[in-house]
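Here TrEMBL flags 15-27 as compositional bias 'Polar residues'. Taken from TrEMBL, the feature domain 'CDC20/Fizzy WD40' applies to 160-449. Feature annotation from TrEMBL assigns region 'Disordered' to 1-27. For 288-329, 418-451, the entry in TrEMBL reads repeat 'WD'.
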Amino acid sequence: MEEDESTTPKKKTDSQLNLPPSMNRPTVSLESRINRLIDSNHYHSPSKPIYSDRFIPSRSGSNFALFDLASPSPKKDGKEDGAGSYASLLKTALFGPVTPEKSDVVNGFSPSMNIFRFKTETQRSLNLYPPFGSDVVMSGVSPSPVKSPRKILRSPYKVLDAPALQDDFYLNLVDWSAHNVLAVGLGNCVYLWNACSSNVTKLCDLGVDESVCSVGWALRGTHLAIGTSSGTVQIWDVLRCNRIRTMEGHRLRVGALAWSSSVLSSGSRDKSILQRDIRAQEDHVSKLKGHKSEICGLKWSFDNRELASGGNDNKLFVWNQHSTQPVLRYCEHAAAVKAIAWSPHQYGLLASGGGTADRCIRFWNTTTNTHLSCVDTNSQVCNLVWSKNVNELVSTHGYSQNQIIVWKYPTMSKLATLTGHTFRVLYLAVSPDGQTIVTGAGDETLRFWNVFPSPKSQSRESEIGALSFGRTTIR
């Protein structure tokens, strides 16, 4: 016997709503039932309570567009699909008459739909929604601690007296070896200061007719090159305290030196750069011509492929291993370019600083031959050096503030400004561990500063010299 067709939908509807038998009311529409269950002002029967298996709060004021919810399915042949109709009514009850829009429409709520898809909120801050906007702290959850900036001591931990340290912008009289030995040119002598034992050794005396104009350690730290006022370059074996070679070729003083493996580059007041291979018998293997004035800055890149040179002609040139003419020419500086530094963190990144009439630090990409940025320091730039442990660099300055600045790259925000020298800070070198710098000035002092973190911990302060406060002399 077939069932009556008029009663069949009613039973299906009741079973779909999962209502108790006592609540079967055929005359009540589907929409009114949902409104009774969901509306914030709940409908209560005067005689019987309403039972349900869950409570769905009203969230009409919430911004659910952030969660990218689906919109109701379209009509098919003028009639809405049953699942889509139910989803539409449920969304209207949950969100109110205005619901989030979405271009791609799906039928109803799909279990596989990615509800919590990330979407940037631009108009309303996420702090407006719980738990961010609540004053209640969730149990067991603590906010992440804010990392405090690294502390850099504003005073040197050691000061050495350096009598006869010349106040000459074009000279380079201080260098620190890989074996932790500091070489300093004082007048016509070169002294070695051992940072481990604090012992001072007099390496050589050039005589009354000559003076030291530059010093430069070989990469392994056992040979020291000395540029003289007469134009010669001497090579010394510091382990034996012997001069092993004297090389000529320049007509005037040699104020800049730079090592690249067994090749030594020397820059002179005669406007030339000589490439010297200490394994060859000749004094020099090639001559680089391009500058129109004295060479005061020389630096090889860390891969030993490019040599940067700066001169009193306000020019910055870049040479490769085999060129005798500069492959790159930068003419933006308005004063002498002594300060040169290659980045150990980014290939082809070069920094340069200009003298009193320029006062700017400029950054170059030698791979693409582009000028990246410029920072006005308001003071003569005498030296630049990059940290090998972190992406920071130090600049030393002369007229008129005589300061030392630690910069964060690439933002070029100042991490610290160090003062203490009373003359231009003309000389700068870095310890082999990359944590300490030494600065020299015409006030005849060498000052040691802890400015960079160690490579293992960027927050732990350097222990070098922590117990060696005081002032001594280097000669």
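Placement of Cβ uses the backbone N, Cα and C atoms for every residue, glycine included.
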Report the DSSP secondary-structure composition of the repeat 'WD' (288-329) as helix, strand and coil residue counts. 0 helix, 21 strand, 21 coil
Report, as numbers and ranges, every residue of the chain located at least six residues beyond the repeat 'WD' (288-329) whose Cβ falls under 8 Å of a Cβ in that stretch; write 'none' if there are none. 169-170, 172, 252, 255-261, 265-269, 271-275, 335-342, 344, 347-348, 350, 352, 354, 358, 364, 366, 369
Helix-strand-coil residue split for the repeat 'WD' (418-451), DSSP-based: 0 helix, 19 strand, 15 coil
